[in-house]
Amino acid sequence: MDDLRGFLRQAGQEFLNAAGEAAMGAAKDVVGSVINEIFIKKEADTKRVLPSIKNMRVLGEKSSSLGPYSEVQDYETILNSCLASGSLFEDPLFPASNESLQFSRRPDRHIEWLRPHEIAENPQFFVEGYSRFDVQQGELGDCWLLAATANLTQESNLFFRVIPAEQSFEENYAGIFHFRFWQYGKWVDVIIDDRLPTYNGELMYMHSTEKNEFWSALLEKAYAKLHGSYEALKGGSTCEAMEDFTGGVSEWYDLKEAPGNLFTILQKAAERNSMMGCSIEPDPNVTEAETPQGLIRGHAYSITKVCLIDIVTPNRQGKIPMIRMRNPWGNEAEWNGPWSDSSPEWRYIPEEQKAEIGLTFDRDGEFWMSFQDFLNHFDRVEICNLSPDSLTEDQQNSGKRKWEMSMYEGEWTPGVTAGGCRNFLDTFWHNPQYIITLVDPDEEDEEGQCTVIVALMQKNRRSKRNMGMECLTIGFAIYSLNDRELENRPQGLNFFRYKSSVGRSPHFINTREVCARFKLPPGHYLIVPSTFDPNEEGEFIIRVFSETQNNMEENDDHVGYGGKADTITPGFPTPKPIDPQKEGLRRLFDSIAGKDMEVDWMELKRILDHSMRDDLPKPVVFNRFSNNMAFETQAAGPGDDGAGACGLLSLICGPFLKGTPFEEQLGMNDQSNKRLIGDNPADGGPVTANAIVDETHGFSKDVCRSMVAMLDADKSGKLGFEEFETLLSEIAKWKAIFKVYDVENTGRVSGFQLREALNSAGYHLNNRVLNVLGHRYGSRDGKIAFDDFIMCAVKIKTYIDIFKERDTEKNETATFTLEEWIERTIYS
């Protein structure tokens, strides 16, 4: 150790300077790499993962009044530009590169991106129209997307909403195509170029049986762009794609556990033009895919009609529930049991009834079954309930009914609104809450009840799989509300402690959407969507479909100042107000203010850092690297020149010297020997080197500037004594409230308590504002530090005061010019 100390003394200040420069360089490299990792990845994510959501216009709406993003792609603009220049479009947001193919690994062979005219002669968008034969699977595991695409071909109005028909490889061809998908409540236009991945000149992924037909391959590429890459499409549910094609809500039923009113459900779905399908689960123990009854295992059938058919026999007269299905193969592979094409049962059906249902006996893959045989021979039925805007005017005029729909967007923010399921009672009530009001029962419902479908969908998870983000485990619960309970916004802990749910999602499950159907009497109901565990971050939309009108609203607080009724949350003691002694306060102010008898933010910071040093993180400042950082080693004497260098060397080289003899010589294995001291040891004393990352020196300059601005009426940047006195009184109140909610005395409060703490300070905030505060001021574990809590209170008070000043009519409306708004807010 003596040799090492001698070396360090000889190096002296030269070593410290070199080490300081090296440390600064290393720090810059580390910080730079972190910034690059965060922001460059974020930029790539913005451009590649969700290009169409961010950059495409919502169909039927104007673009944002804030002006377009630089990456906005407008189909007509790009098309006309390419036609004018004679060039073919190359999409910079979804380039012909490996990143658009896969995110987990590089392709195992050379992939060549070719345009259709380089793949086939006389390329066509459609060849003799479109059909399910145009949908053939390639090497990508996206059969769920193909099944949905095949179903889409059965409905022309839905098909051409997704796939605009005016596109071709002849007239106005410029290598650009566009497709439309529903994404989380909005229709987005996705633009692509027509370069497609090939191997040995053949399309690798979705393709048509006709080599020169390309609508299906281009549709798949647009869907891949929507989700960031082709690989993002591996594995999924047909329901997911059907929703993206229609904007509907999908539900499915296990026919072995079918509800007693399933036939009525199917009937009403058919009346609303819902898309329906069914299937038989494949049996690994059975080699033949075809059953003795002519049905195909593991194969999707379309349900094309659900009705009651009149039947007249010598022994019976009445109606029989029937279902018509179609095998998409369109061949002789049909049901051969009762009510099949050659079945004798049809002779008991009146001729006018046969004509009414359009009965034919062609070998076209279409056949009829009784509902009971349907339950006996199929395993699963899926229903895609179409949104109200999916029905054409002609369909509505022809008697097709539509669903009534309400929708809200929401967010789970860790420590704020991510409360987890009912198992976590203390935080469950912090989840977003929604009220639906059902007024009229369903028509023809003998029990006077309302059919309600609740669908909870998490947003953007598939598109973020390249960042290791999978679906959260989600679900929801439904509670009835009486008139008195309606007054509570939101419902608090005690409501859920003593109230039982009247409905809930069948499971908490890690799929994009969880959906359930309920029969509820008219009334008011509270829906609480949540993740299974608390503190899981995500965005969602919640939709409610009903046969009669439903009114939906967010059950949340109104933003503003509270009234006299605001109290500390039950169970917490009321804080004692701190009344500073005016004489002592005046002396303190006079000693700091100087000749102008005003304090600026720096002088305010000195006062607050001194008076509230026990409530703030311990000071850490950096000698040579920023302001003044000194290392101290207990083994070194006061005059030992090597002490600071030892500490510095330990900090810089520690990670590289672990497990070597130098670790013991430098004392790196004894954490108690390494300390950092601030400018003023009395402000908090030594702290360990490991605390550097988490600690700051007193109130930040931004907090102090904002506190001055809050009361600085003349915008001088300074406070007089009366303003200073008012500010300290506000801070004393906020400090007292903070201590009440800092139950563990850690200098931090849980984000879940932020609403109650701010309510106690007199501020009412809703979930949207609380989420923003959580993102802005919360730590990774959802905690809020004391100075950040003060900043929250300062900002909220300032902005409310700015707004209230202009809300002269007290109708929650204020008018500012852009200049006025910037002037008022930028100083705050």
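Every residue, even glycine, has its Cβ placed from backbone N, Cα and C.
It should be emphasised that the depicted structure is a prediction, and the values quoted were computed from it without experimental measurement.
Per Swiss-Prot, active site is recorded for Cys143, His299, Asn327, and the stated evidence type is similarity to another entry. Per Swiss-Prot, the feature Ca(2+) 1 binding site maps to Asp712, Asp714, Ser716, Lys718, Glu723; the stated evidence is sequence analysis. Marked as domain 'Calpain catalytic' by Swiss-Prot on the basis of sequence analysis: 88-387. Taken from Swiss-Prot, the feature domain 'EF-hand 2' applies to 579-614, supported by sequence analysis. Under the heading domain 'EF-hand 5', Swiss-Prot lists 764-799, citing sequence analysis as support. As annotated by Swiss-Prot, region 'Domain III' applies to 388-557. According to Swiss-Prot, the region 'Linker' annotation covers 558-577.
Feature annotations (Swiss-Prot) mapped to structure.
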residue	record	Cβ neighbours (10 Å)
Cys143	active site	13
His299	active site	17
Asn327	active site	21
Asp712	Ca(2+) 1 binding site	21
Asp714	Ca(2+) 1 binding site	7
Ser716	Ca(2+) 1 binding site	12
Lys718	Ca(2+) 1 binding site	19
Glu723	Ca(2+) 1 binding site	17
Long-range environment of the domain 'EF-hand 5' (764-799) - Cβ separation under 8 angstroms, sequence gap at least 6: 410-411, 413-417, 432, 490, 535, 554, 556-562, 566, 612, 615-617, 696, 698-700, 702-703, 706-707, 709-710, 730-731, 734-735, 738, 742, 746-752, 754-755, 757-758, 825, 828
Cα-Cα distance linking His299 (active site) and Lys718 (Ca(2+) 1 binding site), given in Å to the nearest integer: 76
Cys143 (active site) in three-state DSSP notation: helix
Contacting positions for the domain 'EF-hand 2' (579-614) when only residues 6+ beyond its ends and CB under 8 Å are counted: 683-684, 697-699, 701, 704-705, 707-708, 716-721, 724-725, 727-729, 731-732, 735, 786
For the domain 'EF-hand 2' (579-614), the number of residues DSSP places in helix, strand and coil: 23 helix, 1 strand, 12 coil
Additional residues surrounding Ca(2+) 1, by Cβ distance to the Asp712, Asp714, Ser716, Lys718, Glu723 centre under 8 Å: Glu598, Val708, Leu711, Ala713, Lys715, Gly717, Leu719, Gly720
Of the recorded positions listed as Asn327, Asp712, Asp714, Ser716, Glu723, the one whose CA lies nearest the CA of Cys143 (active site): Asn327
Rounded Cα-Cα span from Asn327 (active site) to Asp714 (Ca(2+) 1 binding site), Å: 78
Rounded inter-Cα distance in Å - Ser716 (Ca(2+) 1 binding site), His299 (active site): 76
DSSP helix/strand/coil residue counts for the domain 'EF-hand 5' (764-799): 25 helix, 4 strand, 7 coil
Secondary structure of Lys718 (Ca(2+) 1 binding site) (DSSP, helix/strand/coil): coil
His299 (active site) and Asp712 (Ca(2+) 1 binding site), Cα-Cα, nearest whole angstrom: 72
